[in-house]
Amino acid sequence: MASSSSFLVLALFALISWQAIASDPSPLQDFCIVDKNSPVVVNGFGCKNPMDVNADDFFKAANLDKPRMTNKVGSNVTLINVMQIGGLNTLGISLARIDYAPLGQNPPHTHPRATEILTVLEGTLYVGFVTSNPENKFLSKVLNKGDVFVFPVGLIHFQFNPNPYKLAVAIVALSSQNPGAITIANAVFGSNPPISDDVLAKAFQVEKNTIDWLQAQFWENNHY
């Protein structure tokens, strides 16, 4: 019985410990402004001397109320993370404005370090995500102005503007100071150096010339 109780305590401790390190570390002080000149290499960034901190360390004139030009996939993601505002360091949050052209999309991608919550500010969006193996269940929804949708951390998701005439705009919050983004097509077909076409042809069950054609395309980044 004692052995079973000890095992249960250890299992619970392991679970709690895993949850504690599953996202950005919790701050141990009021703030830790990025010190871009620090030679210390840590998971994140070293801290500026608190005596040198001022309000501008928490501010950026980002003009997020202004529309953005979109690229050939029809979207523009304007990300505000720790690289733009040093005061976000250790706080575990960032945000982005996303502009969508008519019939534009934010193509299938994943954020390896963050859950995302999206609010539609203008227009209509068709959104969805796919669960992990083996189910690969596809969950989708049409959102209108004022609607909110959540994309769980690490899952492949997308947004598409189905209106051929009107723009759409969304604002998103992400649960990491540096959420990262992996656009699936860019990563698979636009990697540097390229993934072997033998590998991809086998994985996608297509001819190698199809893979070669895909790898020859210009896979544009829509994160700015």
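Here, residue 1 is simply the first one shown, and the rest follow in order.
Using the three backbone atoms N, Cα and C, a Cβ is placed for every residue, glycine included.
Feature list (source: TrEMBL):
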- Asn106, His111, Glu116: oxalate binding site (BINDING)
- His109, His111, Glu116, His157: Mn(2+) binding site (BINDING)
- Cys32-Cys47: disulfide bond (DISULFID)
- 62-212: domain 'Cupin type-1' (DOMAIN)
- 1-22: signal peptide (SIGNAL)
Cα distance (Å, whole number) from His157 (Mn(2+) binding site) to Asn106 (oxalate binding site): 9
Nearest to Cys32 (disulfide bond) by Cα, among His109, Glu116, His157 (binding-site residues)? Glu116
Give me the mean pLDDT over the domain 'Cupin type-1' (62-212), rounded to a whole number. 96
